[in-house]
Amino acid sequence: MSKQRVAVLGARGRMGSEAVRAVEAAEDMELVAALGRGDPLDALAETGAEVAVDLTHPDSVMANLEYCVTRGVHAVVGTTGWTEERLALLRGWLDASPGTGVLIAPNFGIGAVLTMRFARQAARFFESVEVVELHHPGKADAPSGTAVRTAQLVAEARRDAGLPAQPDATSTALDGARGADVDGVPVHAVRLRGLVAHQEVLFGDEGETFTLRHDSLHRSSFMPGVLLGVRRVSAAPGLTFGLEHFLDLD
Ligand SMILES: NC(=O)c1ccc[n+]([C@@H]2O[C@H](COP(=O)([O-])OP(=O)(O)OC[C@H]3O[C@@H](n4cnc5c(N)ncnc54)[C@H](O)[C@@H]3O)[C@@H](O)[C@H]2O)c1
Ligand SMILES: O=C(O)C1=N[C@H](C(=O)O)CCC1
């Protein structure tokens, strides 16, 4: 069986360097390019990369994806910063390049994917919900992509269940004290030396609270998800948003 030809973008970063090791260790993959900031993307075409793994920066990911998609290179994307406008642009490039697949995974960790799934399930049963994400202080974006996705899923489930806006009598507050409002769900971001990637989803109702917590203690926790994405993305043309679509969770 021929090996899948894989490139890693952001190869010298915290996640990228872990992904380089994971791809090198995978028997069914060959690492053909490991690119850092400033390295020309033409290395992808020159090395015949079939799948690019993007673990760069929200400021870089769009140019990388435009390059990949327009040349039929599939992409597995962990980089954050996704908005409806960015997704619309990406969908446009994909429409013009049928057969090319892009997976955007807000989180490659199985526990994080399950947290999002369980949070969506729990959402309709509780009057109140808040998300707290906790990360290392080198993280570029806040709140995390995972927290934004979690809040969106919870908000969607609340809307589907006909739940009203949650109660909050705050009438005076310091800026930021109530977190960011993501679709009506307060999201709080903690940055603390020693942490990697963690999230709590707190639900509350009369006389009880219910908390989901996930901890990525090492970036190796993301690698099975990255490799799964690489193995599956070429058979999934168009945009796949969320690793759960490549997992049998039911
Ligand atoms: N989806 C997930 O499971 C997951 C997990 C961890 C991190 N992330 C995300 O991955 C991204 C990277 O995180 P990190 O902690 O590794 O950051 P990092 O700063 O350690 O690494 C990013 C690397 O990308 C490089 N880079 C920037 N622009 C580039 C470009 N155009 N081409 C090639 N390299 C480029 C930087 O120089 C840096 O070395 C962030 O958006 C982060 O939120 C996602
Ligand atoms: O360390 C990071 O940066 C992480 N980014 C992703 C996010 O923003 O959700 C996934 C968790 C780690």
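Every residue gets a Cβ built from N, Cα and C, even glycine.
These numbers come from a predicted model, not from an experiment.
Per TrEMBL, these features apply:
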- 5-108: domain 'Dihydrodipicolinate reductase N-terminal' (DOMAIN)
- Gly10, Ala11, Arg12, Gly13, Arg14, Met15, Gly78, Thr79, Thr80, Ala105, Pro106, Asn107, Phe108: NAD(+) binding site (BINDING)
- 111-247: domain 'Dihydrodipicolinate reductase C-terminal' (DOMAIN)
- His135: active site, proton donor/acceptor (ACT_SITE)
- His136, Gly145, Thr146: (S)-2,3,4,5-tetrahydrodipicolinate binding site (BINDING)
- Lys139: active site, proton donor (ACT_SITE)
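A map of TrEMBL features onto the structure.
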residue: Gly10; record: NAD(+) binding site; contacts (Cβ under 8 Å, 6+ apart): Gly16, Leu35, Gly36, Arg37, Asp54, Leu55, Thr56, His57, Ser60, Thr79
residue: Arg14; record: NAD(+) binding site; contacts (Cβ under 8 Å, 6+ apart): Gly138, Arg219
residue: Gly78; record: NAD(+) binding site; contacts (Cβ under 8 Å, 6+ apart): Met15, Val53, Asp54, Leu55, Ala105, Phe108, Phe222, Val226
residue: Thr80; record: NAD(+) binding site; contacts (Cβ under 8 Å, 6+ apart): Pro58, Pro106, Ala140, Asp141, Ser144, Gly145
residue: His136; record: (S)-2,3,4,5-tetrahydrodipicolinate binding site; contacts (Cβ under 8 Å, 6+ apart): Arg191, Leu192, Arg193, Gly194, Leu195, Val196, Ala197
residue: Lys139; record: active site, proton donor; contacts (Cβ under 8 Å, 6+ apart): Arg191
residue: Thr146; record: (S)-2,3,4,5-tetrahydrodipicolinate binding site; contacts (Cβ under 8 Å, 6+ apart): Pro106, Asn107, Ala112, Met116, Glu133, Ala197, Gln199
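Not a single one of the binding-site residues among Gly10, Arg14, Gly78, Phe108 has a C-beta coming within less than 6 Å of an atom of ligand 2. Sequence-distant contacts of the residue listed as 'active site, proton donor/acceptor', defined by Cβ-Cβ distance under 8 angstroms and a gap of at least six in the same chain, are Ser144, Ala189, Val190, Arg191, Leu192, Leu195, Val196, Ala197, His198. Only Arg12, Gly78, Phe108, in sequence order, out of the recorded positions Arg12, Gly78, Phe108, His135, His136, Thr146 have a CB under 6 Å from ligand 1. Of all the Cβ atoms in the protein chains shown, 13 others lie within 10 Å of the Cβ of Arg12 (NAD(+) binding site). Summary for the binding-site residues Pro106, Gly145: the Cβ-based neighbour count within 10 Å is maximal at Pro106. For the NAD(+) site, whose annotated binding residues are Gly10, Ala11, Arg12, Gly13, Arg14, Met15, Gly78, Thr79, Thr80, Ala105, Pro106, Asn107, Phe108, the maximal Cα to Cα separation is 20 Å. Counting residues of the domain 'Dihydrodipicolinate reductase C-terminal' (111-247) by DSSP class, helix then strand then coil, yields 50 helix, 40 strand, 47 coil.
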